[in-house]
Amino acid sequence: MRIVLVGPPGAGKGTQATRLAEKLRIPHISTGDLFRANISRQTELGKLAKSYIEAGNLVPDEVTIGMAKDRMEQPDAEGGFLLDGFPRNVSQAGALDELLQTEGIKLDAVLDLEAPEDEVVKRIAGRRVCRKDSAHVFHVTYSPPKQEGVCDVCGGELYQRDDDSESTVRKRLEVYHTQTEPIIDYYRAQGLVVTISAMGPVDEVTGRALEALSGK
Ligand code: AP5
Ligand code: ZN
C-alpha cells in the first residue's frame, strides 16, 4: 500500500507509523526523522534544516522534496510506503503527485489522525525520544520508560527534542493549520482521505487505523 499519514504535531503519527509499517510490511518514511538524522550527523542538509526546525517553520520545499524523493526511490519502497510528515503543504502534495504519475503509481489512502489541541500539547510536553533510534518514543506519563531517561528497547539515552519547547510547539501548530491542513481538502477531492480519532490507548488507535485502511 501507499499511504500518507497526516495530523497535527503530537497526534501520534510517528507512534502509529512504526506499528502500521510493521503490520503492513512497508517502510516508514518520516521526513522529520530524516532531517533529525542529518542534523545529528552534521551534514550540509542538516545544517540547513536545523534553524527552520528549531523555529517551528517548514524546511524549504526545494530541499524537502528532493530528500523525500531520494528516499522513496530506494529499493525497499518499491512495493509501497507509509509517508509520515510528507507532504506538508499543497506544493509538496503536487510534487508527490507528479512523482507518482511518472512512476505510474497511485496513493491508496491518506490517513488523517484527529486529536484536540490540549491533548497534543500534553503529548509533546511529555515526549522523550531515544538518541540511538528515533522509532523508540516514550512519554513521561502515558508510556514511561522503566528507568528514567533510558530507552527500554536499546538502552540509549532519552532526550527532549529541541523543537518541543512551548513557544515552538505553538508555532508548529499554527503552521499545521495554515499550511498542512489544506492538503486534507486537496486529497479529499481525490477521494483518498480516511479520518480517525487519535484519542485513546495506542493499540486502540492502531486497530482503528487498520480497520479504516482495510476499506481502501
Ligand atoms: P516531524 O518530526 O514530522 O514532527 P511533527 O509533525 O510536528 O510531529 P511530531 O513528531 O511532533 O508528532 P507525532 O504526531 O509523530 O507524535 P508522536 O508519535 O511522537 O517534523 C518536525 C519538523 O521537521 C517540522 O516542524 C518541520 O520543521 C520539519 N519537517 C518535517 N517534514 C517536513 C516537510 N515535509 N516539509 C518541511 N519541513 C518538514 O507522539 C507524541 C507523544 O505522544 C509521544 O510521547 C508518544 O509516546 C505519545 N503518544 C502517542 N500516541 C499516544 C496515545 N494514543 N495516547 C497517549 N500518548 C500517546
Ligand atoms: Zn532506543
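Any Cβ shown, glycine's included, is placed from N, Cα and C.
Annotated AMP binding in TrEMBL involves T31, R36, N57, L58, V59, G85, F86, P87, R88, Q92, R172 plus, out of the candidates R25, R161, the residue R161.
Listed binding-site residues: G14, V59, R88, R161. Those with a CB atom under 6 Å from ligand 1: G14, V59, R88. Annotation for R88 (AMP binding site): spatial neighbours T31, L58, T64, Q179, T180, I183, criterion Cβ-Cβ under 8 Å with sequence separation of six or more. For the pair F86 (AMP binding site) and R127 (ATP binding site), the C-alpha distance works out to 21 angstrom. Ranking the binding-site residues N57, V59, R161 by Cα distance from G14 (ATP binding site) puts R161 first. Helix, strand and coil content of the region 'NMP' (30-59), in residues and according to DSSP, is 22 helix, 1 strand, 7 coil.
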